[in-house]
Amino acid sequence: MRVLIKNGIVVNADGQAKQDLLIESGIVRQLGTDISPQLPCEEIDASGCYVFPGGVDVHTHFNIDVGIARSCDDFFTGTRAAACGGTTTIIDHMGFGPNGCRLRHQLEVYRGYAAHKAVIDYSFHGVIQHINHAILDEIPMMVEEGLSSFKLYLTYQYKLNDDEVLQALRRLHESGALTTVHPENDAAIASKRAEFIAAGLTAPRYHALSRPLECEAEAIARMINLAQIAGNAPLYIVHLSNGLGLDYLRLARANHQPVWVETCPQYLLLDERSYDTEDGMKFILSPPLRNVREQDKLWCGISDGAIDVVATDHCTFSMAQRLQISKGDFSRCPNGLPGVENRMQLLFSSGVMTGRISPERFVELTSAMPARLFGLWPQKGLLAPGSDGDVVIIDPRQSQQIQHRHLHDNADYSPWEGFTCQGAIVRTLSRGEMIFCDGTFTGKAGRGRFLRRKPFVPPVL
């Protein structure tokens, strides 16, 4: 299979140029002007369009069982939506397994979920839900098998205490793995939530009030210090929602500590006023949506380089699930938002087209840095000879309004309903194969490959 993309503006994190791009057998073979292939190939005219590396979304939750519900996107519908949104690689955060289970148990479960279903290439983050000698001994073996990042939780059912966190940080660091963490102060949240429930205050607004930004920021500061105590272990903060936490991360960076951070479109573009609407239960996620001032602080981090990655935390529960389970009580509502199909378009429209970020910075946030941090570079996140032929073509001249009826996930709503975006995704190619074309999904279930990731090597801070 040969594909020649002509006349587009090819963009990598380190520059852009109007040039052609030739893909053969799923691999980028040549970039240059006026490429004339020796053999017949499919030609795509990308005149007036940007040609970007396919998106790498390092934070999804497909087919996750949270105890009270299972998310409604599996590895087919979830990766189909990703493909239609210009994302060609996902790294899914595995959910909790049975009490006391080994790390390998969850890996085998999740490989079963994805096999024969995933449309695009995929990998997983391990999850450490308890600490004992067997788990610690298992970590190096998992890294050898291609899982080079693991998630810790400071809240929810399988939260770790500080001693357990230190043990995990040390062993992960020694084993060549990156520690990722969901940082919220569980005790403070439980106290606030109990107060509201006792007072009968269970509307969606109280979800946000029960998880104030200080709960998140305190946990970020604590993890930064614990990582330092654990021998300067590398640390990756997921789904940052506030400026105070970002300030702590800036300080750690100034002290040459290896820390990185992601945020998500919902924290850049949605705010806490959504909880006061008739459909407020649609927006229950943790950490919750913040105010516009926090959005502005995050945009500063996007613009000046303090934020490294934009991912989605895609975790879809339908409105029907939310209403049936919660019965109007925020504390009983499953948490999470859909968004894997909208990430690239939303950031391009609100970032590149507004002048907040350059096209190169867009690549850094959506594909290059995710690939570098999580052991996929230069196979992913780069358009250069030898890299995978993963491409998204965006036409900046087109304007689109997001409507859920045109999306490809398995939810029954979109938090982005009615958003108007400048710039449209017109083609997605995965290893040279067209999987999305002018509004139509053209991929197939099971073509995605499991990616064995390299051990963690820190990018230059």
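All residue numbers here begin at 1 and follow the chain in the order shown.
Cβ coordinates come from backbone N, Cα and C, glycine included.
What Swiss-Prot says about this one:
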BINDING   His59, His61, Lys151, Asp313  divalent metal cation 1 binding site
BINDING   Lys151, His182, His239  divalent metal cation 2 binding site
BINDING   Tyr156, Ser286, Asn335  substrate binding site
MOD_RES   Lys151  N6-carboxylysine
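Note: Lys151 (divalent metal cation 1 binding site) has non-local neighbours His93, His125, Gly126, Val127, Ile128, Thr179, Thr180, Val181, His182, Val238, i.e. same-chain residues 6+ apart with C-beta under 8 A of its own C-beta. The distance from the Cα of Asn335 (substrate binding site) to the Cα of Asp313 (divalent metal cation 1 binding site) comes to 11 Å. Rounded to a whole number, the distance between the Cα atoms of His61 (divalent metal cation 1 binding site) and Tyr156 (substrate binding site) is 15 Å. The 10 Å shell around the Cβ of His182 (divalent metal cation 2 binding site) contains 21 further Cβ atoms across the protein chains shown. For His61 (divalent metal cation 1 binding site), the Cβ neighbour count at a 10 Å cut-off comes to 21, with all displayed protein chains included. For the pair His61 (divalent metal cation 1 binding site) and Ser286 (substrate binding site), the C-alpha distance works out to 13 angstrom. Counting every protein chain shown, the Cβ of Tyr156 (substrate binding site) has 16 other Cβ atoms within 10 Å. A gap of 10 Å separates the Cα atoms of Asp313 (divalent metal cation 1 binding site) and Ser286 (substrate binding site). Residue annotation for substrate gives Tyr156, Ser286, Asn335. The furthest Cα pair among them is separated by 11 Å. Note on the binding-site residues His59, His239: the fewest other CB atoms within 10 A surround the CB of His239. The record gives His59, His61, Lys151, Asp313 for divalent metal cation 1. Within 8 Å of the mean position of their Cβ atoms, the other Cβ atoms in that chain belong to Thr60, Asp92, His93, His125, His182, Val238, His239, Ala311, His314, Cys315. For the recorded divalent metal cation 2 site, residues Lys151, His182, His239 set the reference point as the centre of their Cβ atoms, and the other residues of that chain within 8 Å of it by Cβ are His59, His93, Tyr153, Thr180, Val181, Pro183, Ile237, Val238, Asp313. When the Cα atoms are compared, His59 (divalent metal cation 1 binding site) and His239 (divalent metal cation 2 binding site) turn out to be 9 Å apart. According to DSSP, Tyr156 (substrate binding site) is assigned to coil rather than to any helix or strand. Cβ environment of Ser286 (substrate binding site): Thr155, Glu184, Arg211, Asn335 lie under 8 Å away, each six or more residues apart in the same chain.
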